[in-house]
């Protein structure tokens with residue numbers, strides 16, 4: 001027996017995976033049951049539920065006891081642990097804004113090193129500018145693009161000579177004619 005129960009349809013789903021729930025929630029019978037449930041409430045009560053759900057979504061609010069569908073849970077949701085949604089995950093005491101949203105925060109010592117300081121970093125100071133040592137950017141190459149390796153295995157120096165057709169220009173067209181012009185420019189062939 002599945003772990004997800006649909007209050008509108010009075011059924012347990014086979015799996016609790018999001019794809020199964022999504023398929024169920026877009027099904028004809030489920031949509032009919034939801035429509036029937038809200039039509040039985042009356043327009044004013046259904047509209048107040050919709051407005052409250054919208055407000056909670058826009059403000060990122062947590063569980064509300066007044067917003068309950070059939071079975072005691074908000075429509076389309078699963079029962080969660082107590083105080084679920086009331087606050088975010090626990091953050092370490094040295095939380096800062098230099099880490100990305102899905103990255104753990106950096107400890108103060110790392111921030112001090114990144115800011116080029118020996119001691120503590122000043123509050124509100126952002127990350128230092130990124131500096132990378134590397135070869136200069138070749139002409140006609142966008143930043144971040146590496147120069148392609150050549151046939152001889154080295155990435156600097158001239159390209160090896162291209163073999164010419166043996167029969168006076170007859171045969172396959174040159175490499176640049178068979179290649180996208182932008183790509184040929186990136187490779188330095190044009």
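Glycine is no exception: its Cβ is also placed from the backbone N, Cα and C atoms.
Taken from Swiss-Prot, the feature compositional bias 'Pro residues' covers 72-82 (among others).
The compositional bias 'Low complexity' annotation in Swiss-Prot covers 109-124.
The compositional bias 'Pro residues' annotation in Swiss-Prot covers 125-141 (among others).
The compositional bias 'Basic and acidic residues' feature in Swiss-Prot is assigned to 180-190. Note on the compositional bias 'Basic and acidic residues' (180-190): DSSP counts are 6 helix, 0 strand, 5 coil.
The region 'Disordered' annotation in Swiss-Prot covers 57-190.
Sequence annotations record features per position, and here Swiss-Prot assigns zinc finger to 4-36 based on sequence analysis. The average per-residue pLDDT of the prediction over the zinc finger (4-36) is 89, rounded to a whole number.
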When DSSP states are grouped into helix, strand and coil, how many residues of the zinc finger (4-36) land in each?
17 helix, 4 strand, 12 coil
